[in-house]
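Here's what TrEMBL has on this protein:
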type     : residues : note
TRANSMEM : 200-219  : transmembrane segment
TRANSMEM : 270-289  : transmembrane segment
TRANSMEM : 335-354  : transmembrane segment
TRANSMEM : 361-388  : transmembrane segment
TRANSMEM : 394-416  : transmembrane segment
TRANSMEM : 437-461  : transmembrane segment
TRANSMEM : 467-492  : transmembrane segment
Amino acid sequence: MVLKVFFPSCCSSADSGILIGRWISEQNSAVILAVVHFPFIPVQVKQYLGEVQRVTKVSVSVLGSWSNSKQEKEESLSEFLEDLGTIFCHEPWIQISKEGDSKFWSCSILQKHSKNPQEEEIILVYYDQRKVMLSHLHPSLDTAGQRAEDASKLSAIFDTVARSQVLFMTDRYDEGPIKLTHWQSDGVEASIIVELLKQASVPACMLLTFLLSLLSGICRSRVLKFWPLSFLWSKLSTCEQLGHRLQHLQVISSNKKAQNQNQLMRKANIFVSLLIDVALGILLMSWLYRKNRIGHLADTLIPVADHVAEELQDLLQWLMGAPAGLKMNRALDQVLGRFFLYHIHLWISYIHLLSPFIEMILWYVGLSACLGLTVALCILSDIIALLTFHIYCFYVYGARLYCLKIYGLSSLWRLFRGKKWNVLRQRVDSCSYDLDQLFIGTLLFTILLFLLPTTALYYLVFTLLRLLVVIVQGLIHLVVDLIDSLPLYSLILRLCRSYRLAAGVKFRVLEQQDGKPLRLLMQINPLSYGAVVQTYRLPTYSCYPRDSWASLCKKLFLGELIYPWKHKGDKQN
């Protein structure tokens, strides 16, 4: 049988003493956590280990002895170390000794209370105690078979080291009766800046929590439930993004301690995302207000709107003639063309009416970039929606008219076949029609059929224009969702300290010799960048199309209104 001893590499130069750690009987493994070196009193060691067990809920005990050969030349401790097995009574008793300057170590097992002691093959595995304690082992995506079993064994080792953090709070500068050697023996890691930030974060979080509770109370008030404000809040992307960021601020300022690693990483990712978002927004704001770029943008906006309106007028004039040589219904063509031309005239008048105030509006809109780049992008999306509102109206008019004719033709086609649509049963049933009904149905079907090409052409042109606007808005919302959902802190952690996000371990053979234990070095395999994004991605308030491309094409063919890029009010991970 194979016995695995996980030995911390930081204890390889420790003085002689006893090994304390956890024995995992299911895996026949021993996880060494620290070395208690001489002088010590066994009773005090047992009391100390009892306190550690009570705090950490980890069954820490004395597993064996550690002998440093350099010290053995000065002090004869070998017999005393063997006798310690009778004091602490652990079965099996592990004896590890370092042989001078040799790279090979000796490791033996004593089983004094066993009637049939068996020779066991020993594997000595070195691990970096600091990295294992700070890392978080992520479950494998492939949880079937042998991989799941190996992951559970590794998690027991990682969990043992992580939960024994109290044990590592004692360093060599403590004036206690017990001297330990572990990864923090030379001094407990601390940072004055981190401690000051911890102290300053408490009143800052309390103040931020109060302000956010006040703001959320205003948002939930009945004032925002009246028709104009509730309509704007549900339709404008800016309001949705501000509400989303308000929820993020509430998560960050919450005084509840994170219960697990995932909650802690989520808070850190939200904080870094907010920080970078605001920083990019301030950079954008500084760029806009430098060299009077706001004024140049306002001067450019009106000519661009006029140019778009002129192009639409030319397009309508082309449709009112013989587009691509097609023969249209002239009466309907003239009615639709003049109707849409009148809307363009109204739109040009509206733009010129607002032209004196556009620079002032853009000036105040630019200030909103201090709330974050995502807020500025959402405002840009809303501005595009307002500036292309006439195109949206053209699309809705054309779609409704086209949809009415399509459903009329389908209903009249069922009339020719002696069928009708049963609304109650939601199915097509047989029906008998008299001569007058068939005559009127034939007349209406002929009228709708010959008017359909004219309507379909207008619908096709305005649908393409609407899709162009929707694609531009969709790209903007994709950038906003990318900033909102990208786990930036996790990616930075993966880049700088990859061992913190562990996907598994790999073993490298250090030495192998007959009669000596096999020595391995355990190294942490970090998560891939794709797995980091998939594991820690933040939820967003918008999502991709629910419908398939076939369903979207069907809606386009039938003339149903589509909003393929954004669904308000749904959080998707």
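The first residue you see is number 1, and the count goes up from there.
The backbone N, Cα and C atoms fix where each Cβ goes, and this holds for glycine too.
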Residue numbers, six or more beyond the limits of the transmembrane segment (437-461), whose CB comes under 8 Å of its CB atoms: 315, 319, 323, 326, 328-329, 332-333, 336, 340, 398-399, 401-402, 405-406, 408-409, 412-413, 415-416, 559
Among 270-289, 361-388, 394-416, 467-492, stretch most in contact with the transmembrane segment (335-354) (C-beta, under 8 angstroms): 394-416
Stretch-level contact, the transmembrane segment (361-388) and the transmembrane segment (270-289), CB cutoff 8 A, at least 3 pairs: yes
